[in-house]
Amino acid sequence: MAETINKSGRGVNVCKRCGRKQGLVRKYDIYLCRHCFREIAHDMGFEKYS
């Protein structure tokens, strides 16, 4: 039988940098996992307060 592709649920979206499915930051259509986001957030223009 042919494999079906999921079109909904948590596993559909992946990090566009490393492919991880957990801890995804989807706000502002960023689609990065939290690990990748922490590494490149400053380069994207985000600033860390205190």
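Yeah, the Cβs are placed from backbone N, Cα and C, and that goes for glycine too.
Copied over from Swiss-Prot, here are the features:
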BINDING   CYS15, CYS18, CYS33, CYS36  Zn(2+) binding site
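This view paints the features noted in Swiss-Prot onto the structure.
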| residue | record | Cβ neighbours (10 Å) |
| --- | --- | --- |
| CYS15 | Zn(2+) binding site | 20 |
| CYS18 | Zn(2+) binding site | 11 |
| CYS33 | Zn(2+) binding site | 21 |
| CYS36 | Zn(2+) binding site | 20 |
Surrounding the recorded Zn(2+) site, with Cβ no more than 8 Å from the Cβ centroid of CYS15, CYS18, CYS33, CYS36 and those residues left out, we find VAL14, LYS16, ARG17, GLY19, ARG20, LEU24, LEU32, ARG34, HIS35, PHE37
